[in-house]
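Trainee: One structure coming up, written as structure tokens, with questions to follow.
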Amino acid sequence: MGIKTALPAAELGLYSLVLSGALAYAGRGLLEASQDGAHRKSFRESVRPGWEYIGRKMDVADFEWVMWFTSFRNIIVFALSGHVLFAKLCTMVAPQLRSWVYAVYGALAVAGTMGPWYLLLLLGHCVGLYVASLLGQPWLCLGLGLASLASFKMDPLISWQSGFVTGTFDLQEVLFQGGSGFTVLRCTSFALESCAHPDRRYSLADLLKYNFYLPFFFFGPIMTFDRFHTQVSHAEPVRPEGELWRIRAQAGLSVVAIMAVDIFFHFFYILTIPGDLKFVNRLPDSALAGLAYSNLVYDWVKAAVLFGVVNTMARLDHLDPPQPPKCITALYVFGETHFDRGINDWLCKYVYDHIGGEHSQVIPELGASVATFAITTLWLGPCDIVYLWSSLNCFGLNFELWVQKLAEWGPLARTEASLSEQMSRRVRALFGAMNFWAIVMYNLVSLNSLEFTELVARRLLLTGFPQTTLAVLSVTYCGVQLVKERERTLALEEEQKQDKEKPE
């Protein structure tokens, strides 16, 4: 109720003004904190010289981000440029062979980066799951896939298999975990699709062409096998009108995002500050709330940049890859919370939707969410923090359904029905604001640290109650209402588009 209801323009304007002012105020506090802490002893390792000509240092606490755009930048550009070049030549000369060119180039790139023994190790896992697919038993394929994934996440097998990598370099562990984990998920998808469609008789060559597509290999996103195979099998791919312009725009946005992050880290040390809890404890409540929020926003930006670069390559190859994750700012529902849309699609198709059905019943939903987060825990690597993160998010997902069922209960349903649609939207936005901060706190556990999360929760909910608590919820309420308005507008535009496409 109230989902498609518009609020007065003046009210929405007030929400925009409050939200903008609150973000600016919190940002000012973070900027002052970054300037005050720039010369602290605890900041020396992760705040390094940056723009020396204006005296600005740079937050380099994110090891992966720094490696991508410094020592590994030329290697990444060289590898992806080679892929684009060979793919374009093949598409022009022999488009029916382009999937083979993708696979051969990807396999050679993997062998050149990680060594031939690592390539043979992955081929062994591919062959194992291919053989399992021939038996036509989905439970066996999924079980073997999870066992293969566990071998890359748990000792002693992970230590043994990591020895297959040739040499040592900074991003070795990241590339090893990414290439191995995504290989297992892709092979499992292939096996399950083979079981679901025995009449199609997929071959080992189809699996290898799917797995060794270089843009997706190390960092994803993962496309399920059925989607990839359908798209890559077009003998003469044709681009939709305006596609090249959209690809250029996406590439441009990725470059702008990279530059924006670089500028941001010269002024806001949001990744370094949480490591010094004594310094964090001196921050004003508004800056602390902004620090917690900005940590999640940065993780989304990082994923969006990675997906943007990879997706640009894939779209040049006439593929339709998974879209970047939804911005954390627009999330107020656990069911839409994910930082990797490809893995989310994989889990939903093969586990969550398969067990949970329509996700309208409490017990099946509980079973589906527990199974999904158990596999997610294995994917992330079992440890205490991951166990806690999975438990909290699993609870949040189920709690939403419990609240929804409670809202459908007679007295509460009649109470909401007695409200106007605008008031119903306002009440739901209030619950959305509380849910938003539950999402922030539950995910801050894994993105930062348990100690930092505890400090934020204590300051915002206990020592800051009621002034800080109500102020943060009020600002968040304004943001949720603006997000709902955006969703309402997009839904109306989609309805109008569908109406125009209907035959008269």
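In case you wondered, yes, glycine gets a Cβ from its N, Cα and C as well.
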Trainee: Suppose you had to name the range TrEMBL annotates as transmembrane segment; which of 12-31, 292-311 would you pick?
Mentor: 12-31
Trainee: If you count Cβ pairs under 8 Å, which stretch among 12-31, 65-87, 127-152, 427-445, 465-483 touches the transmembrane segment (99-121) the most?
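Mentor: Looking only at 12-31, 65-87, 127-152, 427-445, 465-483, the most contacts with the transmembrane segment (99-121) come from 65-87.
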Trainee: Report, as numbers and ranges, every residue of the chain located at least six residues beyond the transmembrane segment (427-445) whose Cβ falls under 8 Å of a Cβ in that stretch; write 'none' if there are none.
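Mentor: Sequence-distant neighbours of the transmembrane segment (427-445): 2, 292-293, 295-296, 328, 331-334, 337, 385, 388-389, 392-393, 396, 400, 403, 416, 419, 452-453, 456-457, 460, 472-473, 476-477, 479-481, 484.
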Trainee: Counting only residues 6 or more past its boundaries, what in the same chain has a CB within less than 8 Å of a CB in the transmembrane segment (249-272)?
Mentor: 27, 30-31, 33-34, 37-38, 43, 46-47, 50-51, 56-62, 65, 69, 291, 294-295, 298, 301-302, 304-305, 308-309, 311-312, 315
Trainee: Hey, would you say the transmembrane segment (465-483) packs against the transmembrane segment (12-31), going by three or more CB pairs under 8 A that are 6+ residues apart?
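Mentor: Yes, the transmembrane segment (465-483) and the transmembrane segment (12-31) are in contact.
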Trainee: Let me spell it out: take the transmembrane segment (127-152), skip the flanking residues so only those 6+ beyond its ends count, and list any with a Cβ under 8 Å from a Cβ in it.
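Mentor: Distant Cβ neighbours of the transmembrane segment (127-152) are 158, 161, 177, 180-181, 184-185, 187-188, 190-192, 194-196, 198, 202, 204, 207, 350, 375, 378-379.
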Trainee: Same-chain Cβ contacts of the transmembrane segment (65-87) under 8 Å, 6 or more residues past its ends?
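Mentor: Hits for the transmembrane segment (65-87): 98, 101-102, 105-106, 109, 113, 170-171, 174, 214-215, 258, 261-262, 302, 309, 313, 316-317.
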Trainee: Using a Cβ-Cβ cut-off of under 8 Å, list the residues of the same chain that are 6+ residues beyond the ends of the transmembrane segment (12-31) and lie near it.
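Mentor: Cβ under 8 Å, 6 or more out: 267-268, 270, 273, 283-284, 286-287, 289-291, 293-294, 474-475, 478-479, 481-482, 485.
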